[in-house]
Every structure is written in structure tokens, then in C-alpha cells.
């Protein structure tokens, strides 16, 4: 296939485009981006047919900061006939065999979502036709490729596939999380999504277990603390502002009225450090580096607020500097990952795991 289709948050197309251009160049794949502001997606069109398949396989989705989901796609299908939109789509997928799932989607914009009812109606007859053609298995198979049909306008769609081991498990790359009625703020969904995204389901029981000690810097009113408490952890909540009373009543939270940048934990056996402070991203990164160098935590999740321009460049520079600082201070065994999550706005979420080679214990 010739195109790589990348879903992103509307307004972040330039950042998504800058990132995929760099990553494709690293693999010596030539091409150019096609996108419009607030479309909610980016097209990377390769110069060589087949290069999109290579990108879809060799670029890890989780390594892309601003991409929620991606798939290798054919040329844009235009003016699909109202009487039969199924046949042209099936024909365009002639080279796809024995896929395990079909997703008929739209970009995450209000305009595109107006097509969602149509997409639902199309899914059943399209699924049946793809099964008859051999492009889709009779039963869903999570180990086989996923067929994507993304309508970007009425009668206009990109069609292609993603590989199941390098694809978001969620429709449109968006996890559907419920806001708990007793959570102090909607920011709680950011940490909930971060845990789901960065911690494999098979390891969550060990790495997010009850009884762990944690610290929340900039905790007020307690949106992130709520997620730690919900998982049975003990939390040192650091903020000059007030904490939600229902969290304090659990007996799991100790509130330190202090500046998060000056706080030193009285106990150093901290597994989780979390931080969502409205501050310059470089300053937050430096704080996380200091805690890591002091060995005060095992895993951290923190948000970096983004500038208005050159967001990909800024984040890349901060992450590269962080890796350099850690290594200069003798910390070579670490895992660093970053994602613009669905519940993030003008920010990205970073996960830092120290000494992953020793597993889930301090070492």
C-alpha cells in the first residue's frame, strides 16, 4: 500500500506529521504528508508502493507520541455510489486476506462523527461481503490483521489494515473510560488512561498493587490521588491547596501542604510518583530527573504542558535531555515512554520506569 493513515487529536496534525516524517526518514522511506488543520488525521504518502506496509510493521505505534492509531491504506476512495458503497471497498481490499476484525471508523472530529450512524449501518453488510471475498475470517481473531475503513467525508474513505500486534485495541484508538461520580475532578481520567496505556494488563496486578506507597505532586483537589487510592495505595498528597474530603476519609492519604518542587519524601520506599502540575515542561522534567537520581521512586507518570508551537520538537528535546541526564548520573537501566493520550489536552503524559530489568521490586 502507498499511504499510512494516522489518527490524532484535532489541532495536532502538524505535530503528528513532523513525527512521522522523521520516523519514516530514519527507515529510509521517502514520502510526504497530506493534512489539514483540525482534520484529526494525517496521511503520509510514500513514494514507493509497499512502503506503507513496511512503516505499519516497523514503526511501533506505542513509540509515536502524537498518533492514536495507524494503518496502511490504499488511495482515497472518492464518490462511492450511494446505491452500493460495499463493492468498491471490497475491491480495494483485494490483497488483504483472512483478517480477524473489521472497524468502520471516522476521525475524532464533530464533522466526521456525523457519519457515525452511517458507519454503523454499513458495517454489517460490509462485514458479510468481506467474509465472502475471503478478506475477513468468519470468526473474529485477535491475532490476525484488522481491516480499517475510515470515512473522512460522505462517500469518501481510506481503506486498509493494521497489524494486531502493532495496533490500538480501541475503536479509533480511543479508550472509553467512565468518570467516577466520587472523583474530585475530570483529571482523574488522565491517570486512569495512563495506567491502562503504559502498564500491560498482565502486569497491572503486580505494578499497581494494593499497599504500595506513592506520592502525588500537585495533588489538589485529588483527581490523580483518587486513582492511587482506588487501587489500594497509600498516598502522600503534596499541594498547598485543599484535598477532597472523601479521599482524606479513606485513611490512605496524608496531605502535605508544601511546594511540590521543594518537597522531600520522609519515606523513600516509594513505588509510584505521579505529577500533574501546571508548570514549564522543562522544569517538571528536571524535577523528575532529580527524584530519579535520588532513587526516590520506582515508576513515575507525569504530564508535560505543551507550548503553542513546535510541540513535537519541544517534547523530543526534553525527552532526549532527560535520557542524557539520567545516563550521566549512572542510571542506564530505565524505560521512558511518552504519549498524547485521549484525555490529555495541551499536554503529553510521560512514563519513567527505573530498573525495569529487576522487575517489580526495588533494586
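Even glycines carry a Cβ here, placed using N, Cα and C.
From the candidate list 249, 276, the residue Swiss-Prot records in the S-adenosyl-L-methionine site shared with 187, 220, 221, 222, 223, 239, 259 is 276. A straight line from the CA of residue 223 (S-adenosyl-L-methionine binding site) to the CA of residue 305 (active site, proton acceptor) spans 17 Å.
Counting neighbouring Cβ atoms within 10 Å of each of the binding-site residues (221, 223), the lowest count belongs to 221.
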